[in-house]
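What follows is a short report on a single structure.
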Amino acid sequence: MAESWESIDVKLSPAPDQRIPLMKSRRGRRRGDTWVVSVFVIIEIGVFIATMLVNDCWTNSHGDCILQSLGRFSFQPLPENPLLGPSRSKLDEMGALRRSLLTEHHQTWRLFTFPFLHAGLFHLLLNLCSVIYVGVRLEHEFGPARTGIIYALSAFVGALVASLFLQNIPAVGASGALFGLLGTLLSEIVWNWKFHSNKISAIATLVFVFVCNFVIGFLPYVDNFSSIGGFISGFLLGSVFLLSPPLRPPVAPNKGGLIDYGIKSYIKLKLKQKLDRPVLRIVSLVLFGLLLAGCLVAVLHGININSYCTWCPYVDCIPFTSWHCKDTETSCETMVSNAQLTMTCIGNGNFRVFPFTNISRARINDLCYVIC
């Protein structure tokens, strides 16, 4: 007797618990969703171009510039600005932070311009390359809204922290927002440690970007305290806003006992995530609120932590032949003769002769600082 066989098509559909994580996977975001990082990058480039236009080294410094062929966009001499950027007085004009301007003249608007200023071309290139590298990754994973909030709040908190350590030299803090992103990246790595396949690479990349940008903060005008404040706030905000990777039911071999163990482990992990994450986020949000409120109150009361911490200035500065880390007033004696200007530092006796006399008071102060 011939046996007849019927073919049966069987279609397996994933369980609901398996479909939802796949639909909500962050890797499914459109790769074009990086407009927040792009906007901040364009703004900071625009601000630097405007700064160099205002600086106008060719006119204000009588042609004593680096890359003179750039004309109005040429840079101040290296003894003035080793980062290829504007003069001290022009950084002040563009909104840099300085203790006297913040505490005596109450120019609190500088807290909002400070995070968008760069000390020079080297600072700009390193900072923006790092922002693009880190920011695009975070925006791909978590979306533009969260990344933008973390970027802006970290920049502001960085400005507040920097205000507590200011000296009477201009300081810029575009690195605060970058370090906020780095702190966010660290929090994502720490809290989602089990889900990272290449942990060593992630940590090494973060450390490399951190060290490179922190080292440049030891040069004049770049504020490292804003970087520290931004990093701490970024870590706390990352703990509040970043979602955990989607969990999927474990796939276990079809053997007795192993399936039960896999399901139980998944349920425990899911419950642990639901119980722990809200607590973690609430604690992180409270700590960030205390940090923001405490720094804001301290800034409004004009507190200067350098008065209580003698070594703190060296976190932001390494002494060199062309600059020092002491917050001392510089004064020079000027003398005009035969269409020449002679400036002599009262503190150390150094002097310099300039072949011009039509010079502004702000420019005299710039040159006096270099001589002294």
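Using N, Cα and C of the backbone, Cβ positions are placed for all residues, glycine too.
Remember, TrEMBL labels are computer predictions, not curated facts.
TrEMBL has this to say about the protein:
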- 106-242: domain 'Peptidase S54 rhomboid' (DOMAIN)
- 34-54: transmembrane segment (TRANSMEM)
- 116-136: transmembrane segment (TRANSMEM)
- 148-166: transmembrane segment (TRANSMEM)
- 172-191: transmembrane segment (TRANSMEM)
- 203-222: transmembrane segment (TRANSMEM)
- 279-303: transmembrane segment (TRANSMEM)
How about the transmembrane segment (279-303) with the transmembrane segment (148-166) - do they touch, taking at least 3 C-beta pairs under 8 Å (6 or more apart in sequence) as contact?
yes
Can you give the mean pLDDT for the domain 'Peptidase S54 rhomboid' (106-242), rounded to a whole number?
93
So how many of the residues in the domain 'Peptidase S54 rhomboid' (106-242) end up helix, strand or coil by DSSP?
107 helix, 3 strand, 27 coil
